[in-house]
Amino acid sequence: MSGFLTVGIMKTAVELGLIYALVAMALFISYSILNIADLSTDGSYTLGTAVSAVFTISGHPILGIFMAMLSGSLSGFVTAFLQTTLGIESILAGIIVNTGLYTVNLAVMGFSSNLSIFGTDTIFTLFAGDNAFLNEWGVVILLSIIVLLLCFFLKWFFKTGLGLSIRATGDSPAMVRASSINPTFTITVGLCLSNALTGLSGSLIAQYNKTADINLGTGMVTVALASLVIGESIFGKKKLILRLLGVVFGSLLYRSIIALALRLKVPTEAFKLVSACIVALAISSTKVKELLQYSRLRRNAMERQKKEGEKHA
Amino acid sequence: MLSLSHIYKTFNAGTIHEKKALQDLNLHLSSGDFATIVGSNGAGKSTLFNAISGSFLLDSGSVVLEGEDITFLQEHKRSKFIGRLFQDPLMGTAPHMSIEENLSVSYLRASHSSLFSRVKKKDREFFREQLSLLEMGLEDRMNHPVGLLSGGQRQALTLLMATMVTPKLLLLDEHTAALDPKTADKVLELTRNIVEERKITCLMITHNMHQALELGNRTLMMDQGNIVLDLFGQEREGLSVDKLLELFMAKAGKALDNDRILLS
């Protein structure tokens, strides 16, 4: 096995898993907590890469990270504004913003479809410095710190008055109407926070790959949803911190599966189809289980009837 | 305390579905009043509650609560001082959040704390204390999700949430109608205790005529978007259900036609 999946391959899987875990955490906020399918995720992820790349090229990788988060949350704000104040269906609001972001992203990258950032410092090279160990493992360490910090921040946040109100907004719209929670406000804060995480993930991948591409975000929402669903089905839906760590774990597992598929020489073109199948399977699993159970019950009942019929005959 | 003057509300105006839900409705409640409301089907009872709590804007008229004109105040801002319970016990609580978290939501919002304040140990003690008053054993299940509770338990919890920080006005929209008789009595008793103890001004819609006369100090009867009968004091004391129906007949010019009342 160690020969088949080398340390290098697994390390890359962990690094990518940690970066993509941030998008899965973003969807945890919008999809699991607010009960909104935020389809602007692809666009705001690419926005994060574009903004981060531009700042990194001009020599400000750290500022690039924060600007990417800020622009991500701005995009989330627009999505929220469309669906709360202007009353556009939430899925449609996401699609509209996603479409608009394509042009915005191109504009950020100076109307070229990709940017290369070789030769300048990234937060990873800054973190590693001249240390040999950090040059090897620095990326994993830095990403783990970021992801863990955010997990504990979210755990803390969702127990505050505002965090609890956001959870209630997604859980019981009727209750929110009768309580003093302003759903416009809670949905806006939730989507800003969620898209800031998406932007952060995009900004990290840009500096990690040292490149930004206009099509990088395509299908991101499905991939992140796969991680989210894998995590929630393994870790359950009990404690908040466990759910968050489960999402991270799901992302790591998903990347490992992809690494395995790569070793098995599955063509990269097939990946989007594979992730689509994983998501569809995972989300429908409870219903499929129910259907199987139902057909088994029916078969048993019919057999019993047949036996009794034979007895009487 | 609460003054509604010349309230009009028409739904689907100008279409064949036009419904004049409230027509020149006037109501004045004094502080500490507990009024029950009965009325025929479609008389506008729930619409009246929606008007007070701000689910829609009025066509005309004004709503004044404790001297403050709240006619154009947004619904969520009014909810800070108006508590509300619905018939459906599922509507007042968040099913996937724990009992403690549900209580925290209303407690943190109503106690004017900052956005990022959290529930402290002493607040948790307060929740336990309040829950034990319900005598449903909920104080030992604070971490259970509310979705696991029965309808009666959820309604009792909603009542607790609505009154945790004493509201200026409490609106009860047939809040025991969906519960079994025994649980309904229990929730009603809790309601009576809480309202009387803290002298909360309260409006309660009911289809139970006995309740309408027994509970509170005032009985309102509604028909066709208006209050046709307002009974309190001596006039209300010792009134029988039959006599009440007779009075309604005399005022509204027809018998009370509420299928739920006839069935109960």
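Residue numbering: from 1, along the chain as shown.
Note: Cβ is positioned from N, Cα and C throughout, glycine not excepted.
Positions annotated as transmembrane segment by TrEMBL: A:12-33, A:45-70, A:91-117, A:137-158, A:185-208, A:214-235, A:242-264.
If you count C-beta pairs under 8 angstroms between the transmembrane segment (A:91-117) and each of A:45-70, A:137-158, A:185-208, A:242-264, the highest count goes to A:45-70. A contact between the transmembrane segment (A:45-70) and the transmembrane segment (A:185-208) is present, since 3 or more of their C-beta pairs, 6 or more residues apart, lie under 8 Å. Remote same-chain partners of the transmembrane segment (A:185-208), defined as residues 6 or more beyond its termini with a Cβ less than 8 Å from a stretch Cβ, comprise 15, 19-23, 25-27, 29-30, 33-34, 36, 38, 40-41, 44-53, 56, 61, 64-65, 68-77, 79-81, 83-84, 117, 122-124, 139, 143, 146, 150, 157, 162, 165-166, 168-170, 176, 216-217, 220. Same-chain neighbours of the transmembrane segment (A:137-158): 11, 14-15, 18-19, 21-22, 25, 29, 33, 123-124, 127-128, 131, 164, 166-167, 193, 197, 200, 204, 208, 240-241, 244-245, 248, counting only residues six or more beyond its ends whose CB sits under 8 Å from a CB of the stretch.
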